[in-house]
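As written in TrEMBL, here are the features:
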TRANSMEM  14-35  transmembrane segment
TRANSMEM  56-74  transmembrane segment
TRANSMEM  89-111  transmembrane segment
TRANSMEM  120-139  transmembrane segment
TRANSMEM  145-169  transmembrane segment
TRANSMEM  181-203  transmembrane segment
TRANSMEM  215-233  transmembrane segment
TRANSMEM  263-284  transmembrane segment
TRANSMEM  299-319  transmembrane segment
TRANSMEM  331-349  transmembrane segment
TRANSMEM  355-374  transmembrane segment
Amino acid sequence: MGVEFESSKWEPTLSLYGFIIMCCFSSIALFPRFFNKSLSLSPFADQSLSPTSHRYFLFLYSLASAMEGVWSVFGDFEFVYSGTSKEQILFSLILGFGSSLLLAPLLAFLFDSIGGHNKACLVFCILHLFVGIWKRIVPQSHPCVWFLTLSSSLATGIFSFAFEAWIVLENENQGYRLRALTNTFWLMTFIESASLIGSQVLVNWLLASDVDTGIASSSTATIFIAIIGIFCVTKGWKQTPHSAPVKDRRWMSYVNIFSDKRILLLGFAHACLQFSIAIFWILWAPTLVADGREVHLGLIYPCLMGSRMLGSTVCPWLFGGSSSLRIEDCLVYAFTVMGLALSIVAYDYQEIGVLVSLFCLFHAGVGLIIPSLARLRTIEAITRT
C-alpha cells in the first residue's frame, strides 16, 4: 500500500494585490490635496524640461526597464534548459558580473567626459538588440555563450547610470529645479518597477504554451523594443550640448568624487544598497521554499515590485511639501527599517506570509531610498556648480 503525501500550496491573496495598488494610487492622487496647489506638485509641472520631453524621457526609460526585465525573468533557466554545463555557467556569470563591475564605472567616466549620456543610452539599446538577435540565431549551448552574458552585464551596468545622468545633465544645462528632478526620480523608480512587472507577465505568457517558442518569442520582443528604443534615442529627444569643455568636465569629475568625503560616503551607501538587493535576489527563493510547501514565486514577485512602487510614492510626501525631515535622516530611518526586516528573517525562520510581508517592507524601503539617493546626489552637484 503506497503512502500519499498531501502537497501544500501557498499563494498570496488577491486582496494583497488590491491593497498595494490602492495604496499606490491613493498616495499619488491624495498628495496634492494635502498641500498648497500653488506649489505645482504635479509630476509634470515645474519642469526644467518641457512636459513633452519629460514624458518622452519617461517613455524611453520604461522601454529600457522592460528590456532589462525580460532577461531577468529567465535567470539561469536558459542555460540549464539548453544543457549548458555548470562550469560554463559559472564562468559566464563570473565574466559577466566581473566585467560589469570593472567596465561600467569606466564607461560612466567616459560618457560623462564627452557629455554623451544619450550615446550611453544608445549603446544600451544596441547591446540588448545584439543579445536578442544572438539568442534568435545562435543556440544557447554555443561555446561563446559567455559573450552573451558579457553583453547583458554591460547593458545592465550602463542602465544603472546612463538615464539618470542624462536627465540630470539636461536639467543642469537648462537650469536646475530640484523639485522637478525629485518628481522625475521617484517616477523613474515607479515606472521601472511597473515595467518589470509587465515584462514578467509578458514572458510568462509567452512561455505558457511551449518553452522553446516562448524563449524565441521573448527574444523577438526584446529586438522589437530595442529597435523602438534606438529610434527614440536617435530621432527623438536630442541632448543639449554641455557648456563646459571636455577637459574641464573630466577635471571636475575627478575633483568632485575623490576630494569630497560626502561624495565617497554617498557612493558607499549606494553600493551597500545594491549589494543588499543582489544578496536578496539570491536568497529570497530558497528562504520561501525552506519548509517544503509549494510556492509560486511568480505570484510573489509582483507584490515585491508593487511594494517598491509604493515606497517610491512616499518621496513627494517627504520632500515635496512642508515636511521638515532632512533627506539624510530619512535615509537613516529607511536603512534601519530595512536592516531590521531582514534581521528578523536571518534570526529565525518565519511563516511564509510573514516572510512575504517582511520582503515587501524591504522593497518599500528600496523604493524610497533609490530616489532619495538620487536627490541627494543632485543636491551635492548643485552645491558645486
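Easy rule for this one: first residue shown is 1, then count along the chain.
Using the three backbone atoms N, Cα and C, a Cβ is placed for every residue, glycine included.
Keep in mind that what you see is a predicted model, and the values were worked out from it rather than measured.
Beyond its flanks by at least six residues, the transmembrane segment (120-139) meets 60, 64, 67, 71, 82, 107, 111, 147-148, 151-152, 154-155, 158-159, 161-163, 165-166, 215-216, 219-220, 222-223, 225-227, 229-230, 233-234 of its own chain at Cβ-Cβ distances under 8 Å. Sequence-distant contacts of the transmembrane segment (181-203) (same chain, six or more residues past either end, CB-CB distance under 8 Å): 24, 42-44, 47-48, 54, 57-58, 61-63, 65-70, 72-74, 163-164, 167-168, 171, 214, 218, 221, 298, 301-302, 305-306, 308-309, 311-313, 315-316, 319-320, 367, 370-371, 374-375, 378. The transmembrane segment (355-374) shares more Cβ pairs under 8 Å with 331-349 than with any other stretch in the list 56-74, 145-169, 263-284, 331-349. Of the candidate ranges 56-74, 215-233, 263-284, 331-349, 56-74 contributes the most Cβ pairs within a distance under 8 Å of the transmembrane segment (145-169).
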